Amino acid sequence: MTLQRISKDYLKPNYGLILLIVSYFFNSSMVVSTKVLENDPLETSQSRINPLQILLVRMSITYCCTLVYMHWNKQSVPDIPWGPAPCRKWLILRGIMGFFGVFGMYFSLMYLSISDAVLITFMSPTLTIFLSFLLLGEPFSKLEALGSLISFSGVVLIIRPTFLFGEQTQGQQSPQDDIVETQNPKLRLIAIGVSLLGVCGLSSVYIIIRYIGNKAHAIMSVSYFSLVTTVVAALGVLLIPSMSLQLPHSWKQWGLFLNLGISGFIHQILLTMGIQRERAGRGSLMTYTQVIYAVFWDVVLFHHWPNIWTWCGMAVIVSSTIWVINMRASKQNVVATAELLSTSDFELDDLED
């Protein structure tokens, strides 16, 4: 099989999916930086950076990157810096929904274990499929619905929530275990509710970006999201009494913050480009690759090897993802994808200009 045939049969028809897969790699890089900033064993507990403040720094750097990019490519980016007038209300809504998506995850982590919090966010692809069908009129086959369920089952094998697999005893517990997951039913209920609100926000972002399509440059979506999140996070840090502004105090922390901003910028650019080129339901399934990236970083950085359940879950996710990619869309959808690829004004090459 020649490279030309591979490009014609696999790369071009799945160009949007490839962009999404790469974008989630940069998202995983942000997660690693956040984890080190919050849980660095070399730092004292007083030196830990608040998650909302991490979000503030990350999004402010990302917004600065969007401004530099727009002015650097002013010939190909129209209506700088606010985008086309008819799309501005949708871009603002995209920023608001994007903030709810991020806030839901960060808030739930205060009271839920990481596994439970992540598991809830993976309800987003299924919700997106139904929203895209209801609001955008996009078709989705029974096989795609089955593929989403299979992928979700793989996530369950990796996350292994306690309400399905039971309590897993790992020696004597310390008094600080309540920090990992609260035992207060009311706090858990609030955390789950806010997390579900975040899921709705994530799914809404897919729908809004897909609705905007190519009517606005992809950088505008990133710009509005980062600006809205920066403003809201700054207000939270300034107005919430229990929070105070804490600057990084080492070159390592500054480097991690810089990686947060740059990776966030690249992630949002590729994510928007991928969503614009792929149906919302099929594209949202690529979020499951984040689980694979998480395992990769665990092994490389923290020397934590997956157990048998994790390997089984990875196999299920990879298999179902490949299955979805190779599913033949209807003749109508293939023509639409070809037209979208041929008329798009925003390509990866633009990032190199």
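Placement of Cβ uses the backbone N, Cα and C atoms for every residue, glycine included.
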Tyr15 vs Pro248, same side of the membrane according to Swiss-Prot: no
Segment-level pLDDT (mean, integer) for the topological domain 'Cytoplasmic' (70-94): 91
